[in-house]
Amino acid sequence: MTIAAAEALTRCIEHREIFHDEMLHLMRLLMRGELSPQIASALLMGLRVKKETVGEITAAAQVMREFATPVVTPNPQDLLDMCGTGGDGSHTFNISTTAMFVAAAAGVPIAKHGNRSASSSSGSADVLEALGANLQLTPEEVAECVAATGIGFMFAPAHHGAMKNVAAVRKELGVRTIFNILGPLTNPAGAANQLMGVFHPDLVGIQVRVLERLGSRHVLVVHGKDGMDEASLGAATMVGELKDGVVREYEIHPEDYGLSMMSNRGIKVSNREESRALVIEALDNVDGVARDIVALNAGLAIYAGNKADSIPEALALAFETISNGSARAKLEEFCAYTRKFQK
């Protein structure tokens with residue numbers, strides 16, 4: 001079913017939903033660059049003001065997946081992504097990227113989808129390069145990396161070439177649009193399990209239901225009530241969980257797991273080198289907020305990756321993996337393996 005751009009804009013103005021097939025059609029036009037910049041920007045802003053629905057986001061994510069360059073692995077049902085929306089303005093170090101090494105060392109196969117910094121001081125790609133990883137990998141090399149090390153990193157621009165058709169409009173608008181929440185929904189390896197941080201509390205329930213419709217297996221969508229797009233030590237964390245086909249929403253508190261409430265001030269960074277230093281500090285088991293917040297998020301990842309039956313069990317495994325040095329060893333193994341492919 002198609003829809004004229006004018007009708008779609010009218011729906012947005014009147015706060016009425018654009019139906020699934022109609023949204024598929026509009027999104028394909030956007031991704032092919034077949035809408036004028038004026039219509040494209042009006043549509044993106046109309047959706048933002050109206051507030052995108054679960055159905056609209058689901059359809060848009062399906063089209064982005066359709067246009068993506070895939071990474072083919074034998075068992076996408078076992079893979080876990082740890083990709084957040086970003087945009088929380090907290091300027092903390094790369095917590096989920098660090099937690100990735102802990103989860104992988106605990107046996108969770110990781111297919112992480114990431115990018116350079118947009119609003120933070122250091123994006124996942126920035127800090128991984130600072131740590132010595134080579135990110136210029138083909139899809140086949142990423143798949144080989146997953147098979148050999150348990151981790152693959154997919155640099156978003158290399159897998160979403162069609163995004164160039166909306167890049168100029170997004171840049172000129174300079175505000176958040178639906179594309180800011182689509183990235184974590186469009187893993188090129190089709191990872192069925194996910195730990196996703198979101199920048200706004202409303203997105204917890206929205207994103208987990210989108211992933212339910214997209215066929216995900218086990219998902220945790222989190223938002224720290226202090227504003228972080230991670231599980232936080234500074235406040236309670238809102239969680240939306242999809243497991244066994246059922247969505248639940250609840251809160252977790254650091255003290256529930258024997259962790260101290262701590263301010264995030266000590267983990268703020270201004271560049272990728274400062275972030276790199278905290279990544280190493282956390283993985284070297286230095287007592288403090290960096291290690292504990294990484295362990296908390298890694299615990300959630302281990303649980304979402306189905307290597308533990310509960311969050312407390314997963315958190316204990318995360319701390320063990322850090323303290324015995326296997327998480328730090330996983331970092332070195334991953335970086336060394338990616339450098340094999342340097343041209």
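Positions of Cβ are set from backbone N, Cα and C atoms, glycine also.
Summarising the annotation, Swiss-Prot assigns 5-phospho-alpha-D-ribose 1-diphosphate binding site to G84, 87-88, T92, 94-97, 112-120, S124. Among the features that Swiss-Prot reports, anthranilate 1 binding site is placed at G84, N115. Annotation comment: Swiss-Prot describes S96, E230 as Mg(2+) 1 binding site. According to Swiss-Prot, the feature anthranilate 2 binding site maps to R170. Positions annotated as Mg(2+) 2 binding site by Swiss-Prot: D229, E230.
If you measure from the Cα atom of N115 (anthranilate 1 binding site) to that of D229 (Mg(2+) 2 binding site), you get 16 Å. Around the Cβ of R116 (5-phospho-alpha-D-ribose 1-diphosphate binding site), 16 further Cβ atoms fall within 10 Å across all displayed protein chains. Geometry remark: E230 (Mg(2+) 1 binding site) versus H113 (5-phospho-alpha-D-ribose 1-diphosphate binding site), CA distance 16 Å.
In this structure, the CA atom of G84 (5-phospho-alpha-D-ribose 1-diphosphate binding site) is 7 Å away from the CA atom of D229 (Mg(2+) 2 binding site). DSSP assigns T92 (5-phospho-alpha-D-ribose 1-diphosphate binding site) to a strand segment in the three-state reduction. The binding-site residues considered are T92, S96, N115; of these, N115 has the fewest other C-beta atoms within 10 angstroms of its C-beta. Highest Cβ count within 10 Å among the binding-site residues H113, R170: H113. When Cα-Cα distances from D229 (Mg(2+) 2 binding site) are compared across the binding-site residues T92, H113, R116, the shortest belongs to T92.
It is 16 Å from the Cα atom of the residue listed as 'anthranilate 2 binding site' to that of R116 (5-phospho-alpha-D-ribose 1-diphosphate binding site).
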